[in-house]
């Protein structure tokens, strides 16, 4: 409504000028530009120097290694000569070089040289080695593509034609100097993306709190003035330009109110953005250890029970506790308040994660993971309630999206960072890092959550009859059973249990495993918006749910038939796209299907049913995955999950198609009718 | 006082002397009777018997070894068995497939009149105890027989040849009258289908006893047929005339691989994957210890081979043929100059 009355642009000419200007004028921009340039120059200089030092260090290491390899070859040749084998009759030099190469992939070639002649060669063709040796003597040592090492042979007694200049020459690929960098390129890229994401989070927080939020409040206050309502801004204490701008407005409004003969009210804007960072942190705390969970749980529970089954039980316990705790927390949220609930949840998560790090067996591990699950559910409900309480109908979707973005970001960053972290510091420390993150969230919650935010109206309580009618809705049943439950079952069973297990077993590092799991969140985040727009524009949520199911089944069957790293990456990416397509569509579809119910009793109960079913599916996933792994093995378990996904989507399509849309509430209507 | 001290000294010396002499007498009385072992040998004592003796010497176990050398003549065995029956030993030791087969008979054709059935028998140098019927088939056992075999598994032998040089055609000259040789060639032929090589067989003695003069033409024929290397298996006849075979090989540019040690160490075969004879003797001696000292039944003691083999290269033969060993083999092969 206010948008219609808002003046389009008070200064059109100024706007035009700002469009033309690339860099805004002013000292602050020059300083910013200068500092950015200085920072870039300094960073480039430091990086260059660091790379140079690393290269020098590596070069000496490679030279030492090369000396040892050349000496090994020389000893073999000397032994052969001592046995009386003529130099030109030596057999198998190339094989020996290949053996050396299998232990040192940077070794390019080796040769026995006599003066300028190559007597025996290995690793590369004779001409190529000749060329490499010739260019080594011509070019400078630093520019040559190979690092050449030469060891003179000491033996010449049994061979009249052998002179003292008989030597072993070996060449190493100069690119090996950059190998530590190239090997870690993925890790560097991940850290880069995550740093960007975290910077974005912080910048967004700072800008929203300090700029966007005050500007929005100011606009509302000024709009109020036009409607002869006098309100002053509250809570703005910064001394920068924004702060002085707010002070000026407050002064002007106070004076005007005095003139009119009234007293201004205080206006306060809730810092909704803070919840995004808090959601990000509590999910990150849990997600950090995601790539190592099955292997770690399996290892801890192995003395008591079969490791695979133990891991499945522990993961299922966690998800079950989340499923149980969420509705329970919703009941107490009103009484406790979001801040206290968040603090309690984050504290529980801290204890749970810390305990997990030092768990000694199945039973205490179950206890710690159950605590983590309760903590996760509590913090989730706290954030969700905070958003719901702090928003109204006009900005609720925006608020929810803000929280969901934080969660998705953590879903992306957590496994990737955790994978790198676990690779360097070990499994237990990764859980401790998660606990530290949850602990930090406790501290930040004091600043980022407004304790005055409370729900104003309690949700309408549906009658038992209405609730029964909603549950009796065939289309909702089909949606829940063949879309919502399988989606989360597959997510937890395949992505959280089988993928890390199979990848780690096949020799992938934790960092590589984390990268694959990260793909899920990345694809979901990148495609989510576009897919949602497409679904909205088509207004066909059921089709989107079906497509999501089909994509999941295809990806899983592909991974089941070809259980390789690349195929798993594709399957996980497809799962990300599938979930981005299906999950929001399920939400909208459930509300549309239950339109009769939601009209009278709100959307809360429908969403609660959907969420509960999803969480139960999520809890069942690892258990099923563990059971299938024990029964048929990991690869066949993936195939089974693929088959489940395929069957679910086929049943969904058939059964949904057979239930007429107008029949969805008919039985309940008849029951309700007098 | 001085007298007393002197008396005490004498007394101490006497007590010590009596104690020492009593102990030695007791020790002599308690020392066990030596183990009486009859050894029936093919061609006198070899390194196998050195290892056998060494095992007991290392442990201080006294043994009384009665040597019966058949001097490559199996017809002497019934006489030896008759002698053993008159003055039975604690255990009979047999050398080689021919002797063992004659002494104990085949597992399903035992004749108590001709074969030894009432004394434990430990055999050595039997290459294929199951194929030749000396050992009962898997799952069954013979009550009085166990032993140590000396041949590396055939796939390992083929890999050993191929580690030296490529091989697609394996030439085998063998005595058609020796069961172990015939079964060995059959196994090689079957293995050839799996490992991708042909066995070019040259059986000798198909029309009566083989002659050493048959060896050279057989080798020449194998060379013509494209053999890459000659194979010397567990064959007493070829073992006896090994030099005739290797010399014929030199004449035709063919190296010889041997599955037994002596053909490389004492003969001119160029390479071999072998059990060291001394170790085979020690393995057999450990079985004798189990039977005669630890009281185990031969039926409960497995017939087995060593789990490690030696790669032997005779450099003089390699030099003569100008087929030098690859560098990688020099790391672990035993080079005989």
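Along the chain as shown, residues are numbered 1 onward.
Cβ coordinates are placed from backbone N, Cα and C, and glycine is handled just like the others.
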Per TrEMBL, the range holding transmembrane segment, considering A:223-247, A:248-272, A:273-297: A:273-297
Integer mean pLDDT for the coiled coil (A:51-83): 83
Any residues 6+ beyond the ends of the transmembrane segment (A:341-360) with a Cβ under 8 Å from its own? 278, 282, 285-286, 289, 300, 329, 332-333, 367-383, 385-386, 427-432, 434-435, 438-439, 441-442, 445, 449
Are there residues at least six beyond either end of the transmembrane segment (A:428-449) with Cβ under 8 Å to its Cβ atoms? List them, or say none. 271, 274-275, 277-278, 281-282, 284-286, 288-289, 292, 296, 338-339, 342-343, 346-347, 349-351, 353-354, 356-358, 375, 379, 386, 418, 421-422
